[in-house]
């Protein structure tokens with residue numbers, strides 16, 4: 001239980017990320033993929049239904065015993081909340097209304113954020129674009145753990161705690177690695193969110209408010225869907241930076257498991273990523289892949305050679321442009 005992992009630093013690499021070159025190669029061979037670069041208007045209706053589902057749940061839990069509030073927060077609320085963060089991920093790529101209506105996507109992201117209880121959408125978009133442009137970039141990509149995380153969470157028990165605390169680290173890490181000045185849209189996101197939270201508390205009380213916040217925290221921590229946080233870029237195999245997952249939980253997560261495909265074509269909505277894999281199968285079938293996010297979580301904790309340090313990291317050169 002107390003075994004310490006061997007790795008003591010990140011895997012520093014001095015090559016560019018592989019996705020841009022593979023994208024050029026695939027498009028040269030399969031130009032029909034360009035037809036998939038269009039909005040997914042079904043995303044709008046799915047998000048609206050998810051918001052309505054959570055509003056219904058807020059109402060239904062208001063008079064339940066606390067044990068049932070906690071139970072439903074984990075069993076149902078956490079799934080919807082985590083799924084909504086991945087809907088917001090889609091919206092951050094302008095998948096709802098398209099690139100020509102970028103602000104429509106920002107406002108819609110603020111709306112999708114409401115049942116999560118904490119402001120998230122606008123800040124996530126700003127940092128997530130950096131993650132795509134500068135994958136593994138030192139001091140830029142806040143998806144990379146801090147040195148403290150790699151140093152401290154180095155035993156099986158501590159890695160388990162690290163997984164439980166994922167929401168905390170994702171919230172704090174940007175402030176430690178790459179703090180940005182707050183924008184007008186982030187203030188609007190915050191005011192809209194806290195106004196919504198106050199209304200929920202006023203209408204239905206503390207249990208509904210707790211259900212909302214607990215569902216978000218639990219869904220992003222020790223939860224089967226949270227396996228995608230580790231599955232996407234943690235280096236289980238030396239030399240491989242991004243991994244795809246092709247299991248059933250893609251149905252709840254807007255195909256975020258198709259992660260090599262997503263990084264190769266970030267302007268293609270999740271709905272169409274299985275088509276990308278099918279069209280360009282010769283590029284993806286032989287890449288390392290997962291079929292279980294639960295197994296990813298288990299292996300991360302139990303494998304003494306894997307830790308938060310198991311990431312590729314780059315020293316960026318030249319001009320860096322951030323949102």
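Positions of Cβ are set from backbone N, Cα and C atoms, glycine also.
Automatic, uncurated: that is what TrEMBL annotation is.
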Legend entry - 8-27, 68-87 - the range that TrEMBL marks as transmembrane segment: 68-87
Legend entry - Segment assigned the feature transmembrane segment in TrEMBL (from 89-106, 107-124): 107-124
Inset, instruction - Using DSSP, tally how many residues of the domain 'Sphingolipid delta4-desaturase N-terminal' (5-43) sit in helix, strand and coil. - result: 19 helix, 3 strand, 17 coil
